[in-house]
Amino acid sequence: MVKVYAPASSANMSVGFDVLGAAVTPVDGALLGDVVTVEAAETFSLNNLGRFADKLPSEPRENIVYQCWERFCQELGKQIPVAMTLEKNMPIGSGLGSSACSVVAALMAMNEHCGKPLNDTRLLALMGELEGRISGSIHYDNVAPCFLGGMQLMIEENDIISQQVPGFDEWLWVLAYPGIKVSTAEARAILPAQYRRQDCIAHGRHLAGFIHACYSRQPELAANLMKDVIAEPYRERLLPGFRQARQAVAEIGAVASGISGSGPTLFALCDKPDTAQRVADWLGKNYLQNQEGFVHICRLDTAGARVLEN
C-alpha cells in the first residue's frame with residue numbers, strides 16, 4: 001500500500017498571475033491537503049472519504065482521481081489494477097489548489113506504487129495536464145508547489161517547468177476560506193481579453209522586483225511589491241466582504257494580502273505570530289460566510305507532496 005499526502009497551495013500570490021505559487025502547511029500540525037491511497041487489487045476501484053467527499057462528482061469517471069489513473073495507465077501502456085482511496089480534505093473551488101491536491105496525490109501515489117517509472121518532470125507535466133481539465137487550461141502554479149514544495153516560479157523553457165524561489169521564514173500565511181465556492185473557470189472568464197499598457201508595465205515591474213527581493217533577502221520590499229493589477233480588480237466582486245477584509249488586516253498589521261488563487265480564500269502575510277493570530281481572529285469572525293469556512297495560520301510547506309506510508 002502507498003499513501004501520499006499533497007498539501008494546499010496558494011497560487012498567483014497577487015504579484016504572479018499564473019506563474020507563482022506557494023505550498024502551505026498549518027503551524028498547528030494539521031494536514032491541510034488531500035490524501036490518496038493505492039493498493040494492488042484484481043480490478044480498479046475508487047473510494048471517496050473525507051470532509052468534502054460529498055462535493056465530488058457522483059459519476060466515478062468524472063472524478064479527477066479516476067482520470068489520473070486512466071491517464072497514468074495510458075502513459076505506461078498497460079492497465080494497472082489498483083484500489084484507490086481519495087481522502088478529500090480540501091473544499092472544491094476554494095482557491096487553495098483543491099484539484100491540484102487530488103491530482104498530485106493520485107499521480108504520485110500511482111508512480112510510487114509502480115516503482116517510479118516516471119521522473120519528476122514528466123510527472124509534473126501530467127499533473128498540469130490533468131489539473132487543466134478542471135481549471136480549463138494548463139498552468140502549473142498550484143501543481144508545482146503542491147508537488148515540489150516551497151514557492152515556485154513557472155519557467156516552462158529548456159525542459160524546466162518550474163524552479164523554486166527562496167521564501168522568508170518569518171512570513172506567516174493566514175488563509176481564510178469563507179465557505180463559498182468560486183470556480184476557476186468562472187473566475188478566469190471574468191478577466192478582460194486585453195490590458196492597458198501601463199498595467200502590463202506595472203505587472204512586470206512588480207513581479208521582477210518581487211523575485212529580486214526574494215533572492216536579495218528583502219522581505220519588506222517583497223511584501224510591498226505583492227500587488228495585483230491583472231486579476232484582483234476584476235475578481236474581487238465575486239468575493240463578499242473582500243475589500244473590507246483587506247483593509248482590516250492591513251490595519252491590524254498584515255504586510256500583504258490578496259486573493260489566494262481564483263478565490264474565495266483570502267491570504268494575509270504577517271511577520272509576527274501575534275499579528276497573525278489577531279488577523280486570523282478577525283477573519284474568523286468577519287470573513288467566513290458559513291460553517292464550512294475555516295481559517296489557518298500557515299508557513300511555507302517546503303516538503304511538498306510526500307509518502308505517508310509505503
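Every residue gets a Cβ built from N, Cα and C, even glycine.
As given in Swiss-Prot:
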- Pro91, Ile92, Gly93, Ser94, Gly95, Leu96, Gly97, Ser98, Ser99, Ala100, Cys101: ATP binding site (BINDING)
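Same-chain residues at least 6 positions away in sequence with a Cβ under 8 Å from that of Gly97 (ATP binding site) are, in sequence order, Ala8, Ser9, Ser10, Ala11, Gly21, Met90, Asn142, Val143, Pro145, Cys146, Gly261. Of all Cβ atoms in the shown protein chains, 23 besides its own fall within 10 Å of the Cβ of Ser99 (ATP binding site). Apart from Pro91, Ile92, Gly93, Ser94, Gly95, Leu96, Gly97, Ser98, Ser99, Ala100, Cys101, the residues listed for ATP, the same chain places the Cβ atoms of Ala8, Met90, Asn142, Gly261 within 8 Å of the centroid of those Cβ atoms.
Taking each of the binding-site residues Pro91, Gly93, Gly95 in turn and counting other Cβ atoms within 10 Å of its Cβ gives the largest count for Gly95. Cβ neighbours of Cys101 (ATP binding site) (same chain, under 8 Å, six or more residues apart in sequence): Ala6, Pro7, Ala8, Ser9, Gly33, Asp34, Met90, Cys146.
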